[in-house]
Amino acid sequence: TDFVLPQKKATDGSLQSENWALNMEICDIINETEEGPKDAFRAIKKRIIGNKNFHEVMLALTVLETCVKNCGHRFHALVASQDFVESVLVRIILPKNNPPTIVHDKVLTLIQLTRPDRCRNCL
């Protein structure tokens, strides 16, 4: 889909920091199509799971956070699922993975943000 290339660029480990313009472009792509939320969710999840490069994980978490805040209820519902929270977000911060504090804090922020009662801009 149109989402894959911008998502890969936005989570490229060679980036020094977040590319906010690209993150917002990703949100626009997600909001333009019926399958946008599902496609984006799968691609971001794939980028996070098993990735040992915490800089890339942090960039992916930032894309995820941007999408939660800007892509409406359909995206928010996918990220707020118990399965995603437990099998992806919580797994990142397990002690055996030894995540940096910044990643740990971002994950905890996302878990709070994705609570169903926190859905902002829901359609």
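Heads up, the Cβ atoms here are built off N, Cα and C, so glycines get one too.
Curation does not apply to TrEMBL; its annotations are automatic.
Sequence annotations record features per position, and here TrEMBL assigns domain 'VHS' to 10-112.
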TODO: Could you tell me how many residues in the domain 'VHS' (10-112) are helical, how many are strand and how many are coil under DSSP?
DONE: 78 helix, 0 strand, 25 coil
Open item on the list: Over the span of the domain 'VHS' (10-112), how high is the average pLDDT in this prediction?
Closed with: 93
